[in-house]
Amino acid sequence: MPSSLTKTESNSDPRTNIQQVPKALDKNVTNSGNLDSTSSSTGSITEDEKRSEPNADSNNMTGGEPIDPRDLDWDGPDDPDNPHNWSSLKKWYTTMTSAFLCLVVTMGSSLYVSSVPELVERYHVSQTLALAGLTFYLLGLSTVIGAPLSEVFGRKPVYLFSLPVSMLFTMGVGLSNGHMRIILPLRFLSGVFASPALSVGSGTILDIFDVDQVSVAMTYFVLSPFLGPVLSPIMAGFATEAKGWRWSEWIQLIAGGLILPFIALMPETHKGIILRKRAKKRNIALKKFSREAQKEFLKTTVTITILRPLKMLVVEPIVFVFSVYVAFIFAILFGFFEAYAVIYRGVYHMSMGISGLPFIGIGVGLWIGAFFYLYIDRKYLFPKPPAGTQPLTEKERTSKRTTPYRGARDAETGELLPVVPEKFLIACKFGSVALPIGLFWQAWTARSDVHWMAPVAAGVPFGFGLILIFFSVLMYFSTCYPPLTVASCLAANNLLRYVMSSVFPLFTIQMYTKMKIKWASTLFALVCVVMIPIPWVFEKWGSKLRHKSQFGYAAMEKEAETEGGIDDVNAVDGELNLTRMTTLRTMETDPSTREKPGERLSLRRTHTQPVPASFDREDGQHAQNRNEPISNSLYSAIKDNEDGYSYTEMATDASARMV
């Protein structure tokens, strides 16, 4: 899962603290992005902002011009304020709090389903209209506005504001008199204010774990949006059966109240927010967020979260195919909320409470799939460094850790090797086969002459395949596109996933009633069989599709060449090895472009205009102040022999620094 940019030795001794921002973004605007885990992400994309000199802050304390907040950085790799240097207890407290918050808000989807039978009987509404409460909540969860807000105000304030507001709307549903014209808008608003838990949570995890440690934490976090809908029917079934439909809302309200104090005690993790607060304590004057920057930020937010995701669904085959794939299997899960009632209450005559227990089978499959993915990640994608591997140097460290990064290494040089994006599809291959097996299993065993344990066990391969496919797609998107474009990919996936999931429960009962259980589940299974070749197809032709992408790294380089041209004469001395990929900062490196295994792809700095004299390494003034901006800089990954290219990263004024 994780990745990193590590440095090579060079005469110029460059550092890797490169901040990536959109081309249209003003220098005062903070970047944004998201990772739903079911999703997406976002998280902070300013993790490796430029590193200021240790005495930069102290120089400003004596007066002078206010400095750009983005010029702030840690005092060094051992800075105790850096979340990467927190104790394991503090890291895991923050991780589990974020994960349980995700669990609480996703529980709200299926908790409501248990109230539908009583709403239909008591208030004389149609079953489809009653189920619309689930639809409206899922539509609310599809919004991703929380991620960019967290880049401005921080993770913790967004959590503390959004959850109580969502709980107030949940309380309104519980106190309503059953009129759907009241319940439906309240359910939608509850989902909207619950959505930041999903869109901001992944950024919280990436804020605190080093690149080669994030897999385990992210796995537990991504499990939450799946476990929430699976576990809540078990609780709500017994509660509504004994106390009435309103308890489907009270359970979520109680869960939200329990997690709120833990959020209040959770530390802020966003790098920019931590450094800004510390700057105020040190009496450092900071530039304010100008009105022009606010407008630019709003424009960028709308582009990243709404306009670009919709366009990518139309013009990007990678985004469209995998988003439809994930959305369909996720929608099947939500369709099971009604299908399981038909199977276990209709065929096996279980009570409301007992009929929720079969979801345990899917939950077991989710856990097995998560552990299996961790095994693939540690043994195949990013294996442990071999014995004798040199520890990281002080220049290579971004935290106090000195252990080598994980990952495949060149047998001769011991250098970390890049990972082709299609390599992450290996887990998707296992999942694509397991998913239809579980559906066929359920289809042909859910009958009265077969014990109920048989269809319950069918949930294990279904959950196993579901989580593996989601993990693979998440990583594939993250390594195919630049950081801000990844945020749009995940937003597109999140939107399509929850929109499709909101529709499936509306026709599931009719489908299972008229087609019968056998053929309804078989139909789902056959669609999944048709989708089995997807990971193999993209493994073979994915590289060509990436090179033709309108939003990938190749497109960015073509745009840079068109607008400014690349002048190799202005190339800055020094290279940066590209070794691993993260969900927020990645460069695509395809070993198929290398002429021999030992050849490496490196990150070289070039410029779209002549370099000012102040950037000359021999210039005395620059030697004193090494924080000069590189105007209109372009970061391009090229082969060592400069014969051909890999891909590029764009940066605007003041977004990248010579250090």
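Cβ coordinates come from backbone N, Cα and C, glycine included.
Feature annotations, courtesy of Swiss-Prot:
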type	residues	note
COMPBIAS	1-20	compositional bias 'Polar residues'
COMPBIAS	28-45	compositional bias 'Polar residues'
COMPBIAS	587-602	compositional bias 'Basic and acidic residues'
COMPBIAS	622-631	compositional bias 'Polar residues'
MOD_RES	THR589	phosphothreonine
MOD_RES	THR606	phosphothreonine
MOD_RES	THR608	phosphothreonine
MOD_RES	SER633	phosphoserine
MOD_RES	SER646	phosphoserine
REGION	1-81	region 'Disordered'
REGION	387-408	region 'Disordered'
REGION	587-631	region 'Disordered'
TOPO_DOM	1-99	topological domain 'Cytoplasmic'
TOPO_DOM	121-128	topological domain 'Extracellular'
TOPO_DOM	150-157	topological domain 'Cytoplasmic'
TOPO_DOM	179-187	topological domain 'Extracellular'
TOPO_DOM	209-215	topological domain 'Cytoplasmic'
TOPO_DOM	237-246	topological domain 'Extracellular'
TOPO_DOM	268-316	topological domain 'Cytoplasmic'
TOPO_DOM	377-423	topological domain 'Cytoplasmic'
TOPO_DOM	445-456	topological domain 'Extracellular'
TOPO_DOM	478-486	topological domain 'Cytoplasmic'
TOPO_DOM	510-518	topological domain 'Extracellular'
TOPO_DOM	540-659	topological domain 'Cytoplasmic'
TRANSMEM	100-120	transmembrane segment
TRANSMEM	129-149	transmembrane segment
TRANSMEM	158-178	transmembrane segment
TRANSMEM	188-208	transmembrane segment
TRANSMEM	216-236	transmembrane segment
TRANSMEM	247-267	transmembrane segment
TRANSMEM	317-337	transmembrane segment
TRANSMEM	356-376	transmembrane segment
TRANSMEM	424-444	transmembrane segment
TRANSMEM	457-477	transmembrane segment
TRANSMEM	487-509	transmembrane segment
TRANSMEM	519-539	transmembrane segment
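For the topological domain 'Cytoplasmic' (377-423), the DSSP counts in helix, strand and coil order read 8 helix, 2 strand, 37 coil. In this chain, the transmembrane segment (487-509) lies close to the transmembrane segment (129-149): three or more C-beta pairs between them fall below 8 angstroms, excluding pairs fewer than 6 positions apart. Looking at the topological domain 'Cytoplasmic' (377-423) alone, the prediction's average pLDDT is 82. Here the transmembrane segment (247-267) does not lie next to the transmembrane segment (424-444) in space: the count of CB pairs under 8 Å, restricted to residues six or more apart, is fewer than 3.
With respect to Cβ pairs under 8 Å, the transmembrane segment (457-477) is most closely packed against 424-444, considering the stretches 188-208, 216-236, 424-444, 519-539.
For the transmembrane segment (216-236), the most Cβ-contacting stretch among 129-149, 158-178, 188-208, 424-444 is 188-208 (pairs under 8 Å).
Counting Cβ pairs under 8 Å to the transmembrane segment (129-149), the stretch among 100-120, 158-178, 188-208, 317-337, 424-444 with the most such contacts is 188-208. Note on the topological domain 'Extracellular' (510-518): residues 338-339, 342-343, 347, 443-444, 446-447 of its chain, located 6 or more positions outside it, place their CB under 8 angstroms from a CB of the stretch.
Listed as Cβ neighbours of the topological domain 'Extracellular' (179-187) (distance under 8 Å, sequence separation of 6 or more from its ends, same chain) are residues 112, 123, 125, 129-130, 132-134, 136-137, 140, 169-170, 172-173.
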